[in-house]
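Now, the feature entries from TrEMBL:
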type	residues	note
TRANSMEM	21-44	transmembrane segment
DOMAIN	27-324	domain 'Sugar phosphate transporter'
TRANSMEM	64-88	transmembrane segment
TRANSMEM	100-117	transmembrane segment
TRANSMEM	129-148	transmembrane segment
TRANSMEM	155-171	transmembrane segment
TRANSMEM	183-202	transmembrane segment
TRANSMEM	214-236	transmembrane segment
TRANSMEM	251-272	transmembrane segment
Amino acid sequence: MALMGTSDPSRETEASQEKPFVLRALQIALVVSLYWVTSISMVFLNKYLLDSPSLRLDTPIFVTFYQCLVTALLCKGLSTLAACCPGAVDFPTLRLDLRVARSVLPLSVVFIGMITFNNLCLKYVGVAFYNVGRSLTTVFNVLLSYLLLKQTTSFYALLTCSIIIGGFWLGVDQEGAEGTLSWMGTIFGVLASLCVSLNAIYTKKVLPAVDDSIWRLTFYNNVNACVLFLPLLLLLGELRALCDFPQLGSAHFWVVMTLGGLFGFAIGYVTGLQIKFTSPLTHNVSGTAKACAQTVLAVLYYEETKSFLWWMSNMMVLGGSSAYTWVRGREMKKVQEEPIPKEDEKSNVEV
């Protein structure tokens, strides 16, 4: 807005451009910080619930089930609030349709595997090794894209994948050398990476069934998961273990459990928010930097001492992941910038 009297148009333009840039930079900083705090807090909180010596709760499936239940209830609650107060909350209408639930069911099975193996990996490995243990997601993305979608990958992208694999094996070797390696946790981490890749692929196929709404998909995934987890709780004896849990009636226990579910719901929201205010490429870079910060925080918090090669394995994994993101980003930009042949050019080529 121009002030009263004469003014320099160029300065006015610069001022109008500078203010939105500052505000946008502040928004991005806040959103990225929110993503980091939510993601790191969720990992440390889940580690406490799954493997705390003071809590001694050995029911990883129940912890995962409860987090899915909280997420489903939050989705339904926000949907109801949006219907009652249209201007206050922007959230899609959610009605449980059994036909849609059946359509989403195959993806829900993969989703269950993803969140369960993630939690089981975190239960058996330290937070510091958690990122390396689940670092093969990019490798599985490339492999499954070729096997299921027949999509090829460039040489440079494959080279970055080889760096990630090398970092993973070096990390496993160094964990073994320090006597802290859990093969069970490592296997669960590899399975979690596989399920994350499958989840990304099948999500694209299932989205049309929920009108391309991520929140509807989140609701149906978590409702299906709650139903499918019930027989697992019985078969694995976790309900009996839960009944024998001495802190079952503790308010502190249920507050922490509910807080874990809230973080599980919030991470989906802040992830989408970060992509919205930045870009998918920047989101991946932010995730890599967050993983690095999380590893350092875990080593400091648990007062661990790690070797140079252990840190090198983390740098290889994080560096390989960043390089893959950069390579794929350049390849996608190059494809977008390629000129589309005109109709007459196409006909000349065909002749």
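Cβ coordinates come from backbone N, Cα and C, glycine included.
Nobody curates TrEMBL annotations by hand; they come from automatic prediction.
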Is the number of Cβ-Cβ pairs under 8 Å between the transmembrane segment (21-44) and the transmembrane segment (183-202) three or more, considering only pairs separated by 6 or more positions? no
Cβ under 8 Å, sequence separation of at least 6 from the ends of the transmembrane segment (129-148): give me the contacting residues as numbers and ranges. 43, 118, 121-122, 157-158, 160-161, 164-165, 167-168, 171-172, 175, 180, 185-186, 188-190, 192-194, 196-198, 200-201, 291, 294-295, 298, 313-314, 317-318, 320-321, 324
Long-range CB partners for the transmembrane segment (64-88) (under 8 A, at least six residues beyond its ends), listed in sequence order, are 94, 115-116, 119, 215, 218-219, 222-223, 225-226, 229-230, 233, 257-258, 260-262, 264-265
Average model confidence [pLDDT] within the domain 'Sugar phosphate transporter' (27-324): 92
